[in-house]
Amino acid sequence: MVEVSAEVLAELELLKKENAKLRSQLDSQKSDKLPMSLQEFQRYGRQMIVEETSGIEGQLKLKNSKVLVIGAGGLGCPALLYLAGAGIGTIGIVDNDTVDNSNLHRQVLHDSSKVGMLKCESARQRINLLNPHVNVKTYPVRLDYSNAFTIFENYDYVLDCTDTPITRYLVSDVAVNLGMTVISASGLGSEGQLSILNFKNEGPCYRCFYPTPPPPNSVSSCQEGGVIGPCIGLVGTMMAVETLKVIYDIYTLENFKPFLMMYSGFPNQTLRTFKMRGRQNNCECCGLDPKITRAAIESGLVNYFEFCGSRNYNLCTDEERISSEIYKTEFIDCNEKDHILIDVRPRHHFNISHFNHAINIPVKELKGMKGSLDILKESVPNVSQDSKVIVLCRYGNDSQIATRLLKDEFKINDVKDVKGGFFKYIDEEDHSYPKY
């Protein structure tokens, strides 16, 4: 048997790599008669043979489209994956957040190796691996009135994958002023909703649906309300489907009817579509006499924070609040039995992680007691108006509400709220407790 030297093997390996490179270059070359590379024809073939896509004509619409995605989170990740896979020519990603370990159960573009990386950069790397034919641009900024127009002007369509009313109103307003169609969705828990706004600049816009924003205290985030990964992922995937339908011209001005699609994953999966009203003549953005113009937005005259409001969590005085450090040194380490600790998180939160000496009374139940000390004693037998009570929640917000209730309605004199809540305590004083 003839032995092959290391030099020959190395040369053969080099020739293999050069051959693969040349083959790739050949596949990527366009014929003068072909609008795409041979590799692209093969990649998108299964998609092009679906009758509704109009074959090569539809694929070229995707290739020539520029789509901006606001948010690379639970909605944006699946939408980005499927839009990139479908062959959108240019995709822009706006997100100034970084990948956190708590994102990974639902934000499927990211992985453990990307924790700490900007989400838009993590998404760009993943998309480049999935489809090198897509041009990806990233914007690691917080979208606001000062940069929105500059970013939006480079694109044809916008996907609103954000989770705050402030951003939703801004995205819709800017899109109306630029004549852009918006595919908008939101999701929380096991539910989500989706709609198309300002279709072909004929409306309706977000303000037509919601002329008045919801009360700030009624809006929860994924961080507060939780989210089921596959449920939010399904809504994000539907966003990609609706985007393709818009680009393929499945929707026309003649057949498009404004709608709101609502999905629920639990206990039984349901998907319902509701007919929505069209453009409103009195709408301040897309109506007959618009007040929300580009000039008004860019100058800061349209105050989105003032319009949408913000939660007021400054319910307690400085004297009614203590730091996690003081709670540890002056209460836990010294006299744990000399105080009552009430944890006002929901029970399923409490069951995940809690102090052993804590008594769990969710803030909703505390409100329902209507200031009755006798009812409170059913859960805390040794409580009195002279008790020393410490109140704890997840982040130090609901605990302020509970502190006010205990002092103002139950007339307990010595009540203190732990600033930053249970998670602040874990971060600063004791890492052994699970943080969810």
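Just so you know, glycine gets a Cβ as well, placed from its N, Cα and C.
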Practice task
Return the residue out of LYS61, LYS63, LYS66, LYS119 that Swiss-Prot annotates for the same ATP site as GLY74, ASP95, SER102, ASN103, LEU104, HIS105, ARG106, ASP163, THR164.
Solution key: LYS119
Problem - From recorded positions GLY74, SER102, LEU104, ARG106, CYS393, the one whose Cα lies nearest CYS283 (Zn(2+) binding site) - result: GLY74
Completion exercise
Cβ neighbour count within 10 Å, max among the binding-site residues CYS205, CYS283, goes to CYS205
Problem - Cα separation, CYS393 (active site, cysteine persulfide intermediate) to LEU104 (ATP binding site) (Å, whole number) - result: 24
Problem - Environment of CYS205, CYS208, CYS283, CYS286, the listed Zn(2+) site - residues of the same chain whose CB lies within 8 A of the CB centroid - result: SER172, VAL176, ASN198, GLY203, PRO204, TYR206, ARG207, ARG279, GLN280, GLU284, CYS285, GLY287
Exercise for the section: Provide the three-state DSSP residue tally for the domain 'Rhodanese' (335-434): helix first, then strand, then coil. Expected result: 40 helix, 17 strand, 43 coil
